[in-house]
Amino acid sequence: MMKNLKTKQFQGLNGSLLLPGDKSISHRSIMVASISWGISRIKNFSNSTDCLSTLNAFLDLGVEIKKYGRDLIVYGSGLDAFKDPKKPLNMGNSGTTTRLLLGLLAGQSFNTCLVGDASLSKRPMYRVTNPITEVGGEFSLTGNGTLPITVIGHPSLKAFDYHLPIASAQVKSALIFSALQADEPSIIFEKEATRNHLEIMLNDFGADIKTNGLCITVMPRPKLSGRTISIPGDISSAAFFMVAASLLPNSCICLKKVGLNPTRIGIISVLKRMNANIEVKKTSNEAEAYGDIIVRSSNLHAVEITAKEIPNVIDELPILTLAASLAKGRTIISGAGELRVKETDRISVVAAELKKLGARIQEKSDGMVIDGCPKLQIPENNLATHGDHRIGMMLAVAALLVDTSKTITLNNPEAIKISYPNFFRDLDYLLNNPDMKG
């Protein structure tokens, strides 16, 4: 499948937009609601195919879940209520579903096989299976550590102290799910602070998880109680519109009720350092704060993005690379080796696809050096998502910045549905909405 992309948009982006529910929180909301007692209501659940993979997996585990548009009702029965699915659980393309389930299912009383699509089945899972094995979990793996993986359930996991060798919210979350099923308190030491949605949510449901700097203490076997969760808009999805509005002249957009968790707003900090015109109006002081983000056109300049910042901008690095490609000066991104084991090798793919448009990018083993150029060029060949949703959205924004009446074609645009099924609809709305011209 191919899609012809819109090109140079002189009128910019304008209007207000409600973003789909945060993907990271959506995954975790089903998991936490399922291991709680009673009814949980989840509002604004993400309709991404990745989150639907999580929903379907928990249905297969015997959890009763009812879906009403963007809202869910989950009937939880505690940590030990899952049923043996008697068949492989299909993870689709969702690495988050896979990695978190490896931790959660490790403490169950049955074995479970996890399978995925061709792309997910190329992604190594050792970074999760190794630490969980060290703390008492057991897995049957392929030779290269990819799916299919069978989780050998052990309902008597031992408590542990574990130092994470990498900064990864997914590995941390998997370990927390294992720690909930242990016999004594467990301690997890992070290398760098990563997104903490799971810790916030579990405590909201009645768990006892204490964070002291990079040290997380998890008390075992909590009795969690169902409750209502309102999921804020996904800031990683908002990032594409933030960069587009910054780069396109005559833009003024308001992204409504976007999640403002401090571990996720690195994209705002980096863009502001690049001279982006961004105003944040916090409208909620709940555990997962949210607010409105107003973005107007600006002239961006280069910055350095260091290893310490990477965990909080890891999903936004593709679109930040596009921003850097049109910023004045040289941008250096380092400490981002994690990008090489995402849906694609995002360092290589981002560089290759943006180079088709004339961007000046040098790959490094753990990042990129980007020299800003005054404008993007018409590509000689089709652009390609490589099956990666964030690459696809980055390229759709890039095409808006090419001054041409010629057609720019994107191969495999359906990959974008992995995280944002209505991306093109919402982009078209902002391109054709005059109600907030800046």
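Numbers here mean position along the shown chain, with the first residue as 1.
Glycine residues also receive a Cβ, built from the backbone N, Cα and C atoms like all the rest.
Residues annotated as active site, proton acceptor in TrEMBL: Asp315. Taken from TrEMBL, the feature phosphoenolpyruvate binding site covers Lys23, Gly95, Arg123, Gln170, Arg346, Arg390. If you look up TrEMBL, you'll see Lys23, Ser24, Arg28, Ser168, Gln170, Asp315, Lys342 marked as 3-phosphoshikimate binding site. According to TrEMBL, the domain 'Enolpyruvate transferase' annotation covers 11-427.
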- Message: On a C-alpha basis, identify the one among Ser24, Arg28, Asp315, Lys342 that is nearest to Arg390 (phosphoenolpyruvate binding site); the candidates are the recorded positions.
- Response: Asp315
- Task: Find, among the binding-site residues listed as Ser24, Ser168, Gln170, the one whose Cβ has the highest number of other Cβ atoms within 10 Å in the structure shown.
- Result: Ser24
- Query: Given the phosphoenolpyruvate binding site residues Lys23, Gly95, Arg123, Gln170, Arg346, Arg390 in the record, what is the largest Cα to Cα distance, rounded to whole Å?
  - Reply: 20
- Query: Whole-number Å distance between the CA of Gln170 (phosphoenolpyruvate binding site) and the CA of Lys342 (3-phosphoshikimate binding site)?
  - Reply: 12
- Nearest to Arg28 (3-phosphoshikimate binding site) by Cα distance: which of the binding-site residues Gly95, Arg123, Arg346 is it? Gly95
- Local Cβ density at Arg28 (3-phosphoshikimate binding site) - other Cβ atoms counted within 10 Å: 27
- Considering only the recorded positions Ser24, Ser168, Asp315, Lys342, which residue has the minimal Cα-Cα separation from Gly95 (phosphoenolpyruvate binding site)? Lys342
- Query: Could you state the CA-to-CA distance between the residue listed as 'active site, proton acceptor' and Lys342 (3-phosphoshikimate binding site) to the nearest Å?
  - Reply: 9
- Could you check which of the binding-site residues (Ser24, Ser168, Lys342) sits closest to Arg123 (phosphoenolpyruvate binding site), going Cα to Cα? Lys342
- Distance [Cα-Cα, Å, rounded] between Ser168 (3-phosphoshikimate binding site) and Lys23 (phosphoenolpyruvate binding site): 16
- Message: To the nearest Å, how far is the Cα of Lys342 (3-phosphoshikimate binding site) from the Cα of Lys23 (phosphoenolpyruvate binding site)?
- Response: 16
